[in-house]
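Below is one structure. I have some questions about it.
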Amino acid sequence: MAKRNPSIDTKNLTAVQLMELDACVRCGECVKWCPTYAASGEKPGLAPRDKILRWRQYMNKSYGLKARLFGPQEIPISELEEFKDDVHGCTTCGICSTVCEAGINTVELWESMRANLVKKGIGPYGKQNMFPKLIGQYRNPYMKDQKDRLAWVPPDVKIEDKADIVYFTGCTAGYNQLALAFATSRVLNKLGIKFAMLGEDEWCCGSALIRTGQAHINNVPYELAKHNVEAIQKKGAKKVLFACAGCFRAAKVDWPRLLGKELPFEVVHVSEFLAGLIKEGKIKWEKSINKTVTYHDPCHLGRHVGVFDAPRYVLSHIPGVKFVEMDRIKEFQRCCGAGGGVKAGLPDLAMAVAESRVKDALDTKADILSSCCPFCKRNLMDGRDSLKVDLVVEDVIELVAEALNLETK
């Protein structure tokens, strides 16, 4: 009788991750904090602990002592398909890793599980499977023409051909959420900051592919990172500014990992850059906002990279802003619901998480819910509209632009 092959393999799982599967002590702390588990009505399969225990069970069935003695046990494809749905029902926000008593790096574990299944033809989820083809062909996920990368730039914005600073716009801000690009570019001009942009040479950062377990398909993320780094170098940049938290995380964490070396320039989020200018007394405000503002930490900016204080510092120094905090902030913040491909693959789940976060903001009595991420802004606006409540959702850079008496349209 032919020996059965294991239903799963160890591809994409490092030795550390294999040990992490055994490190879970089933305490359930992650279950209490998981935003998608809560928003789903506590569907058991979405709990972080459940995903680890199930994958550990799969590994034992495939490679444990009994498997070595008597051959691997078959795992029905229907069961793996169900697991695929659950592992993709995660925004990769990282709160489970933050509260994990065993210190398991769950974000990278989920991404490895996703990649493992995708390589076996199981997953990704829904529209997520279009990402490699779209981004590989169009260099952006929206099927937009690369020639239109700078179509949004208004006549009043001055861009240098080469400069020490490059503003990396990002696909979402450059094609869909133009207010973010308008605000960032005009603020930089107003402050006398000379900057260049990549234009047609700006390609997608690759974040969506990596988060959904598709980094290996045609090696697209590597090609994106390599091209963007070379394009930035050609501009003579020493510093690259990002207003998109997802792009920032990709450049800060993923690009060096993909390329196997440190980047030849500094990667800075615009909130960090502005906080530095405020401390140096280089921003002269022209208008008072006179609103109560709260702040939502984007997962990619906060938990993933550790930028928590800069956006708060900026907001607290805008004239007329009364800054208030929500109940869950910084390392323990509640995700907006858009990350990890959930907005594209499971929009109803993304909406449910967003509604929970909007309710957090409403509890503060704030007039404005701010963030530093176009995906957070979009999903929080959707959550607000679903709840039919009166709450302005704006990016921090938009509030800065307003206080400098600049247009964001």
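Every residue gets a Cβ built from N, Cα and C, even glycine.
I grabbed these lines from Swiss-Prot:
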type: BINDING; residues: Cys24, Cys27, Cys30, Cys100; note: [4Fe-4S] cluster 1 binding site
type: BINDING; residues: Cys34, Cys90, Cys93, Cys96; note: [4Fe-4S] cluster 2 binding site
type: DOMAIN; residues: 14-44; note: domain '4Fe-4S ferredoxin-type 1'
type: DOMAIN; residues: 81-110; note: domain '4Fe-4S ferredoxin-type 2'
Minimum Cβ neighbour count within 10 Å among the binding-site residues Cys24, Cys34, Cys90, Cys93: which residue?
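Lowest Cβ count within 10 Å among the binding-site residues (Cys24, Cys34, Cys90, Cys93) is Cys24.
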How many helix, strand and coil residues does the domain '4Fe-4S ferredoxin-type 2' (81-110) contain under DSSP?
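Taking each residue of the domain '4Fe-4S ferredoxin-type 2' (81-110) in turn, the totals are 18 helix, 0 strand, 12 coil.
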Counting all other Cβ atoms within 10 Å across every protein chain shown, which of the binding-site residues Cys27, Cys30, Cys96, Cys100 scores highest?
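Answer by Cβ density within 10 Å: Cys96.
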Quick check for the class: what is the C-alpha distance, in angstrom and rounded, between Cys34 ([4Fe-4S] cluster 2 binding site) and Cys100 ([4Fe-4S] cluster 1 binding site)?
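With the alpha carbons as reference points, the distance is 11 Å.
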Taking Cα atoms as reference points, rank the binding-site residues Cys24, Cys30, Cys100 by distance from Cys90 ([4Fe-4S] cluster 2 binding site) and give the first.
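Of all the candidates listed, Cys30 is nearest in space.
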Please count the residues of the domain '4Fe-4S ferredoxin-type 1' (14-44) that DSSP assigns to helix (H, G, I), strand (E, B) and coil.
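Secondary-structure composition of the domain '4Fe-4S ferredoxin-type 1' (14-44): 20 helix, 0 strand, 11 coil.
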Take the C-alpha atoms of Cys24 ([4Fe-4S] cluster 1 binding site) and Cys96 ([4Fe-4S] cluster 2 binding site) and report the distance between them in angstrom, rounded.
12
